[in-house]
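Listed features, source TrEMBL:
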type     : residues                    : note
DISULFID : Cys9-Cys25                  : disulfide bond
DOMAIN   : 39-191                      : domain 'Cupin type-1'
BINDING  : Asn86, His91, Glu96         : oxalate binding site
BINDING  : His89, His91, Glu96, His136 : Mn(2+) binding site
Amino acid sequence: TPELLYEFCMLYVDTKTMRVNGFPCKDPMAVNPEDFFNPAMLDQPRDTKNSKVGSNVTNINVINFPGLNTLGISLARIDYGPLGVNTPHIHPRATELLTVLEGTLYLGFVTSNPNRLFSRVVKKGDVFVFPKAMIHFQMNLAHDKPAAALSSLSSQNPGVISIANAVFGSNPPISDDVLATAFQVEKKLIDWLQSQFWENNHY
């Protein structure tokens, strides 16, 4: 990681300008304490009842917290309903350090080929790390109560690619011939999967 040239670079909202790495900087003399604050209310549980997968991810990144610009960090609170799942996904630009706030989770990640799975059950207070760009997931093991976790990520804008959504819900869709061959199933099953509503649980 290159050394910073300034103490901070407060995001300057300029919808006409696209930046590849980071955003334009606000004039340092115009920066105030509120720029470093976000009333995120991460102590408050989020609703999971309307989620098909039973989870709700609340992201705190440079998009909704300008003070994170160029600092290389972000946060996410994950709420899980009973048996709720944060489905397999990757963060293409970040390592993730997850701390269990409440409940018991089954979680893990899969390495690049030959695709070894590292998984275990974790409880309140436990910490687990997902290496950068590895497919990973979590599931609340309780049938009758919610769970929650807090994730720290090593990017101001880690990004997320939900595997099922990306494969079966892309726009335009991936050819069903390609997917039928990849999954070794009949095309009608692929067509049915592509017809489903693929929900985003990362807000």
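Each residue's number is its place along the chain shown, starting with 1.
Including glycine, each Cβ sits where the backbone N, Cα and C put it.
Here the features listed in TrEMBL are painted onto the structure.
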residue	record	Cβ within 10 Å
Cys9	disulfide bond	20
Cys25	disulfide bond	16
Asn86	oxalate binding site	27
His89	Mn(2+) binding site	20
His91	oxalate binding site	23
Glu96	oxalate binding site	22
His136	Mn(2+) binding site	22
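Taking the domain 'Cupin type-1' (39-191) as a whole, pLDDT averages 96 in the prediction. Using a 10 Å Cα-Cα cut-off from His136 (Mn(2+) binding site), the recorded positions that qualify among Cys25, Asn86, His91 are Asn86, His91.
The two recorded residues, Cys9 (disulfide bond) and Glu96 (oxalate binding site), show a Cα separation of 23 Å. The two recorded residues, Glu96 (oxalate binding site) and Cys25 (disulfide bond), show a Cα separation of 26 Å. Ranking the binding-site residues Asn86, His89, His91 by Cα distance from Cys25 (disulfide bond) puts His91 first.
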